């Protein structure tokens with residue numbers, strides 16, 4: 001009898017010990033869960049990206065968002081955080097550096113028209129972020145894909161515009177369709193210049209790299225005696241602005257274009273920059289106070305920025321002296337371009353005064 005009581009007491013004691021152990025283990029697990037939750041462990045878990053711009057609540061969005069017409073929208077790329085960044089710093093990193101977007105505006109032409117000057121003038125604006133080098137995506141590297149292209153873009157914050165410039169887009173047959181496949185809302189800027197002066201400037205640039213180049217007139221004419229112009233020469237072909245614009249207007253309405261006068265960009269840079277800023281929907285920040293005329297180069301330069309010891313002028317390749325071209329050659333070329341110029345004036349609704 002005494003033995004049975006002893007066994008019963010022992011079993012009861014073991015049950016109490018097991019119950020206490022279970023209670024302590026449960027409490028340890030609970031405290032462990034609370035500790036990791038409070039220290040942001042759950043923040044490191046993958047979450048969907050939401051577009052805060054939706055009017056009807058949150059909308060799931062990824063880095064390849066496509067609009068109803070199949071065109072890629074300019075939504076920010078969701079960038080990978082550096083390995084050293086802590087999960088709790090996600091928000092501050094995104095806000096500090098922004099995201100990469102497809103360009104909302106592209107300077108598509110023309111070569112030797114003043115595109116580099118325009119881009120440098122625009123980069124003064126705090127709400128413009130632009131690629132320095134010409135990406136040549138829509139004419140040379142399209143096979144690399146849209147994500148490769150987007151990765152070339154600088155980071156932008158809310159309210160900033162992403163831009164790039166590649167003057168050869170304007171004369172590339174496939175470029176309009178390819179730009180449309182990225183976004184049908186892209187704003188397009190074309191810097192145009194008297195096609196005769198532009199052709200001579202183009203030739204001058206090529207001559208500086210290839211001193212043994214034939215004379216301008218030998219390249220411009222198929223037969224100098226008959227005066228037949230060789231439109232296969234790129235320096236001549238680029239100046240057929242009306243023909244190139246016709247190709248672009250098959251894909252984009254005229255309202256998507258701004259035509260900047262290369263001549264006015266030299267004589268009145270602030271005036272032309274006012275038009276450009278209005279077209280891009282920007283506050284007019286770039287003004288007369290930013291420019292001075294460089295007599296040596298023959299075009300405007302940017303005044304000395306704060307913290308810099310010298311003004312900002314375009315490089316030595318800009319403002320080269322042109323070679324002497326016989327006046328009769330220039331007159332023949334001017335006659336050749338006249339009907340194309342008149343058609344371009346009619347298409348754009350603007351007389352550039354090249355005749």
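We count from 1, first residue shown onward.
Glycine is no exception: its Cβ is also placed from the backbone N, Cα and C atoms.
Per TrEMBL, the features are:
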- 21-38: transmembrane segment (TRANSMEM)
- 103-338: domain 'Sulfotransferase' (DOMAIN)
- 112: active site, for sulfotransferase activity (ACT_SITE)
- 301-313: disulfide bond (DISULFID)
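Taking each Cβ in turn and tallying the other Cβ atoms within 10 Å, the top scorer among the disulfide-bonded residues 301, 313 is 301.
If you measure from the Cα atom of residue 301 (disulfide bond) to that of the residue listed as 'active site, for sulfotransferase activity', you get 17 Å. Cα of residue 313 (disulfide bond) to Cα of residue 112 (active site, for sulfotransferase activity): a span of 16 Å.
Residues within less than 8 Å, Cβ to Cβ, of residue 112 (active site, for sulfotransferase activity) and separated from it by at least 6 positions along the same chain comprise 193, 198, 201, 202, 205.
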